[in-house]
Every structure is written in structure tokens, then in C-alpha cells.
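Visitor: TrEMBL lists these features:
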BINDING   Gly262, Gln263, Thr264, Gly265, Ser266, Gly267, Lys268, Thr269  ATP binding site
COILED    42-118  coiled coil
DOMAIN    174-530  domain 'Kinesin motor'
Amino acid sequence: MTEKNRSRAGILESKQRLQLVTKSMTERSRSRAGILESKMQLAKSRREMIEIKKRNEAIRSRISKIRDDLVRVENEHETLFKSIEQMKKQTATYNEEMKKLNEHCDVANEESNKLSEIILESRKGLELRNNKIIEKRLLYEYQLKQIQEIYAGLKAEENTRKDLHNQNLDLMGNIRVMCRVRPYTDKEKEIEQVSLECFDDKHTIQVSTKRLRLWQMQIEKSTYEFDHVFNTSADQKEVYLELSPLVQSAIDGYNVCIFAYGQTGSGKTYTMEGNVNSPEKKGVIPRSIDEIFDKIEETNKLGWNFEVYVQYIEIYNETIQDLLIDEDKDRKKSCKDRKKSFKEDRKKSFKESKDLCKIVYNEDTRMTIIENAERLKISKKKDMEILIGKASNRRSKSSTNSNSVSSRSHGVFILHLEGENPLEKMSSRGSLSLVDLAGSENIDKSGSVGDQMTEAQSINKSLFYLRYVIQQIKDKSNHVNYRDSVLTSLLKYSLGGTAKVCMLVNVSPSTDSTNETKKSLSFGQDARKAHVGTAMRNGCA
Ligand code: ADP
Ligand code: MG
């Protein structure tokens, strides 16, 4: 029993130990399952960790991107802020300007309001004026009618005036001859005895010459009659007054020629030109111009428009020399050259000169034009004064250059007056030739040689043909030969046929000149008897 109890106790103990081992084995398997579970859970957790890490990475990269974005946005914000600041400043400037503009606007509005008021007022005034204009128009139409009536009357009067004027001139004869005695020079006054007497009738002049006859000193008196005699005290105005009707005729469409004849020093240039710048001493040329422009202005009222052209030449040794030649062209030559060429020009033969300045006739208008010589259009008195000044300066210059050439040349000043009257459908072509002839004392000069002989011959020739032409006109010859000298060729339409001519015989009161004076007076008296024919207007439609 004790052994059995002991083995029972050992078995019990082993059973207990087995139970314990089983229990621990169970526990161990339990813990093993727990470990496995834990392991699985750990693996899961690991996976989750990886997942989380991945997400963390993504979040981190997103955060860095967001940070970058943030920086960019901040930069943009800064830029925007700056531009907003600038815009704010600009807005302030704009506001300032706006303010000013508003102020201007206010002022402009105020002005506009005022203007509106003015416009309103003006409109009222305009309406009033309009009414007045209508009234005036009615009055004007009435006056126009009256003017038309007056114009018709004026025209009739003008025609009557022209007719009477021409009848009057015709009665005086177409060649009028007047005589002018120049005053004594201071030197002449001291020694002179009076040999010339101008009668009060203003037509007669008497020359007294002492002659020894039958051992006795006798006084021979020769009397001459002219259309007018101007004594030593006659001034330029008085002379011109007698010539003025002829100038009027040139405007009326006639060819008019006035020439001064006489010996050198008898006052031809003084009479024709005088002192252009002096109102008292200016001669026939400047006075004619003054009158022509005054008359042209008057005729404008009757619907006439006139154009005035001028040519101014001198004839030396049968050569035409242009006195209006363009100074600028001429100035290019040196002064020395000019003097030389002028002398040379003068020496050219008539044949050569024909190539330079040619006389051209217009048979229809009965006008003569010098081709290749300046033909200037003149529109006011002043132009003409300057032009004459220049021309006479040229003439006097050449005179000193070649020993008083001016007394050996004929100065011819020609005005062409071309008028149109569109209202009346009329036209008029007149001319005025004013000639300062070469000194007549050269005619009988003999024994001269060289240049002097050529000069004397050509003066002889031209004055002879002038007298001859006048003689032929006087004799009513069927054919008058104008072509023998340049002077008569040039004056063809101004001397004969239908022209009006006036010769001014200039004489010196000096007893030294008595012989020349008598010759000049005889020539004038002869010419006076010439009858040109009935004067006729040119180119009247
Ligand atoms: P011509 O041209 O005939 O040679 P001028 O006209 O040159 O003569 O006159 C000669 C001089 O006499 C000039 O000094 C001129 O001023 C003078 N003379 C001529 N006529 C008059 C006059 N009517 N009144 C005053 N001086 C005159
Ligand atoms: Mg002279």
C-alpha cells in the first residue's frame, strides 16, 4: 500500500505534470497562434507603414509643390501689389488731370453758354441784317437800273466826245507842228541880244538876223507860223497840255507820233523826258504815261480793260539799240566789257542790226513791233518811271562813253495800248511813239572822217528821209516810201495814212544858233502843210 499509494501519487503527479505540460503546450500553441497573428498583424502594420510612408511622400511632395506655388503666388502678389501701387499713383495723376479737365470743362461750358448767348444775339442781328439786305437789294436793283441808264448815256457821251475830239484834231490837221524856244542859259543871258520874238497870239515866231547889205547893216525878219509857239517861259505842263489830246487819241485807238526836232542843245531831250523824278520838270514821256494810266482807270468804268506795253530803243548809225535790255544779263559782263561791246554794237552795220532787232509790221492792226527788243508789259505808273529812269541812264551812260552819242542817235519810246471791252464786244489798238530825234545840225556836217562821217551820214540819211516822207505825205503821193531809213520804217504806221502826228520844233534862243534855228523853223513850217489823211482808229470791232 504505501508503494501503491506512492505510484498512485507518482501517477497523479505525472498526470498533474502532463496536465501542466498539456496546459503549457496549449498555452504555447496559443501563444504561437498569437505570435503568428502578431506576425501577420506586424506584416499588415508594415504594409500599412509603407502605405503611410508612400502617402507621406506624396503629401510631402505636394507640400513642397504647394510651397513653390506659394512662393510663386507671393512673387506674383508682390508684382501685382507693385503694379497696383503704380496704378494707384497713375489713378491719382489721372484724377488730378480729370480735376483740371473738369475745371476747363466748366470754363468751356461757361464760354459755350456765353457764345450761345452771343450766337443767339447774332442770329437776331443777322435776321435784322438779312431784312436790311433784302431792302438794300431792292434798292440796288433800282439803282442798277438807273446806273445802266446813266451808263448808256455816258457811252453815248463818250462816243460824241470821241467824234468831237477827232473832228477837232482833224480840223487842226493831222500833222501838227509846234515850236518851243528853250530859255537862255545864264551864260547866254550875259551876252545875248534878243533875236527871237514869240508873238502873243501863241502861233507866230519871228527871227531877226543882221545882214550887211550895200555897206549897211540891215535887220532881216523872218516870220513863221505854227499850231502853237511856246516861248522861253513856257513850262513842261503848258507844253504837255497842248499834246494831251493826242495822247487821248492813242487811248481811243489811233497811232500817234510826237517827235522833237532841232539842233543839239535846243531842249529836245528836256521836252521829251525832262526830269522824270520832278513833278514840275518831267517831260512829255512821263506825263503821257501818267495821263494814260489815269484815263485807263476812267475807261474801266465803261467796261474797258487796257494792257500797256512798252519798247524803248535808240537808232544809232541805222542800228537799233534796245534801251530796255535786261540789265541782269548785261551786268554779267564787266563794266569795261560793256563799254567796249556797246561801242562795238553801235558800229554794227544796219544789215547786221536787222538780225538783232527787226521791225515787224502787223498789217491788220497797223502796228509795228521791234522783234528781239524787250517789250515790257506795264501795269502801273511807278513801273514806267523806274523803266524810263534805267533807259535814260543807259542812254546818258553811252553818251559819255562815246562822246555825246545821244545827240547823234534817235531815241524812240513806243507805247502799245491794247484795249478790250467784253461788255460792248469791242477792242482797240492804239500806239504812242515819242521820238527824241538826233541833233539836226549834223545834217550839213562835211569833212568828217571815220566814225564821225558814218554818224553824220546816217543822221543825214534818216532826217532827209523823214523830211522826204513828210513831203510825200504832203504831196498826197500814192506811194510813200518808208523803207529807206530805219526811223521812217519804224514810224510807217505812226507817220502816214491814218496816224496823228505832232512835230515839236525845238529852237535855241542864242544868236549863235540863228542859222540852225531858221532851218529848223523852215522845216517845221513846211511839214505843217502836210496832210496825212483822215485819221482812222485801229482794230475796232
Ligand atoms: P537836246 O536834247 O536838244 O540836245 P537838251 O534837252 O539836252 O537839248 O537841253 C540842253 C540844255 O538845256 C539842258 O541842260 C537842259 O536842261 C536845258 N533846257 C532845255 N530846255 C529847257 C527848258 N525849257 N527849261 C529849262 N532848261 C532847259
Ligand atoms: Mg538830247
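Even glycines carry a Cβ here, placed using N, Cα and C.
Heads up, TrEMBL stuff is auto-annotated, nobody curated it.
Are these features on the surface or tucked inside, and what touches them?
Guide: Under a cutoff of 8 A between CB atoms, and with a sequence separation of 6+ in the same chain, the neighbours of Gln263 (ATP binding site) are Gly439, Ser440, Glu441, Val507, Ser508, Ser513, Glu516, Thr517, Ser520.
Restricting the average to the domain 'Kinesin motor' (174-530) gives a pLDDT of 83.
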Visitor: Going by a 10 angstroms cut-off between Cβ atoms, which of the binding-site residues Gly262, Gly265, Gly267 has the sparsest surroundings?
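Guide: Among the binding-site residues Gly262, Gly265, Gly267, the lowest count of other Cβ atoms within 10 Å belongs to Gly265.
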Visitor: Would you pick out, from the binding-site residues Thr264, Ser266, Thr269, the residue whose Cβ has the largest number of other Cβ atoms within 10 Å?
Guide: Ser266
Visitor: Using Cβ-Cβ distances, find the residues under 8 Å from Lys268 (ATP binding site) that belong to the same chain and are at least 6 apart in sequence, listing them in sequence order.
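Guide: Lys268 (ATP binding site) has long-range Cβ partners Ala260, Tyr261, Gly262, Asp436, Leu437, Gly439, Leu504, Asn506.
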Visitor: I need the neighbours of the ATP site defined by Gly262, Gln263, Thr264, Gly265, Ser266, Gly267, Lys268, Thr269. Which other residues of that chain put their C-beta within 8 angstroms of the C-beta centroid, in sequence order?
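Guide: Apart from the listed residues, the neighbours are Arg182, Ala260, Ser407, Gly439, Asn506, Ser508.
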